[in-house]
Amino acid sequence: MLGLLALLAAIIAWGFGDFSIQKSTRAFGDVRTLIFIGLTGIIGLFPFVYNEIAVLFQDSARLLLLSATGVVIFAAAILDFEALRRGKIAVIEPVLSFELPIAVALAAVFLGERLTPVQFVLAATTFSGIILSVTQHHRHLMYHRRLLEPGVIFAIVGAIVMGGVNFLVGLSSQQTSPVMAIWFTNIVFTLLSLVYLVWRGEVRHLFKGVAKNPLPVISVCIFDNAAWLLFAVAVTYIPIAIATTISESYIALAVLLGLFINKEKLQHHQYAGVIIAIVSVILLSLTVS
């Protein structure tokens, strides 16, 4: 029950979190937004993990796992953030949902979590909905450069990498603790982000404009950290494949926010694609016992 409650809360947090990410990345950029999220998690979670730090550094295998997870999170976050910054949230979210079959497949291969034929069919249906949602003109072929919505290429690659993130965060949470998994990986991707800003000579502009427009930063830091922490808690009670599958229903909330608050406009077939993708993900969630 606790695992399901954590997932429900994570779904809500992710829905509002991705909506907030779009606002923050458009105002402050991808890397700065990622640093804000990371610093918030590092400071906010430190009181809950300081007793575990010494023990963690005595276990090289777990330290390596968490470090690798942080690096993959950095790559996935930059791709996802750029997709949300460039594109319509109602289109990008269904594309990002393709992380689901990636994470489920990894869990099946490495942890022996099995999938049924129905689940594979629903995964294929999800992908079909994604194809419809990202295609601006349904009479054209996908390889035409003007065919795809802005940000979709970033979302496709980001979804593949994020599938690995879901698996690694779940595994890290099971091997250490949910709070430690999120806290340590925040350190890794924050350091990588800071190195990038130093390399670009932009670190002095890190907090530029935040005081005048703090709401996007505050909301994204709260919702994103809360969502990942709640997901990390959930996978200590529920198998990774199941937790990832159920949590993907957050895209319904994010898409609704994009349509009704951002007033995003789509073609008729794109609406159909969004609906197909969302319904398929929800049905896939219901097939997992």
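The count begins at 1 with the first shown residue.
The backbone N, Cα and C atoms fix where each Cβ goes, glycine too.
For reference, TrEMBL has these:
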type	residues	note
DOMAIN	2-134	domain 'EamA'
DOMAIN	150-285	domain 'EamA'
TRANSMEM	6-21	transmembrane segment
TRANSMEM	33-50	transmembrane segment
TRANSMEM	62-79	transmembrane segment
TRANSMEM	91-111	transmembrane segment
TRANSMEM	117-135	transmembrane segment
TRANSMEM	147-169	transmembrane segment
TRANSMEM	181-199	transmembrane segment
TRANSMEM	211-231	transmembrane segment
TRANSMEM	237-259	transmembrane segment
TRANSMEM	271-288	transmembrane segment
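Below 8 A, the CB atoms of the transmembrane segment (33-50) and the transmembrane segment (211-231) form 3+ pairs separated by six or more positions in the chain.
For the transmembrane segment (211-231), the list of distant contacts is 6-7, 9-10, 13-14, 16-17, 20-21, 23-24, 27-28, 33, 36-37, 40-41, 44-45, 166, 169-170, 178-179, 182, 186, 243, 247, 250: same-chain residues at least six beyond its ends, Cβ to Cβ under 8 Å.
Comparison of 62-79, 91-111, 147-169 by number of C-beta pairs under 8 angstroms to the transmembrane segment (271-288) places 91-111 first. When Cβ-Cβ distances below 8 Å are used as the criterion, the transmembrane segment (62-79) is approached by residues 30-31, 34, 56, 154-155, 157-158, 161-162, 164-165, 168-169, 171-172, 175-176, 180-181, 184-189, 192-193 of the same chain, each at least six residues removed from its ends.
Residues 65, 68-69, 72-73, 75-76, 79-80, 82-88, 91-92, 95-103, 105-107, 110, 134-137, 140-141, 181-182, 185, 228, 231-232, 235, 240, 244 of the same chain sit 6 or more residues outside the transmembrane segment (147-169) yet have a Cβ under 8 Å from a Cβ within it.
Mean pLDDT for the domain 'EamA' (2-134) in this predicted model: 86. Packing against the transmembrane segment (91-111) from elsewhere in the chain are residues 18, 80, 83-84, 119, 123, 126-127, 129-130, 133-134, 149, 151-152, 155-156, 158-160, 162-167, 170-171, 239-241, 244-245, 248, 251, 254-255, 258, 264, 266, 270, 273-274, 277-278, 281, 284: each is 6 or more residues past its ends and has a CB under 8 Å from a CB in it.
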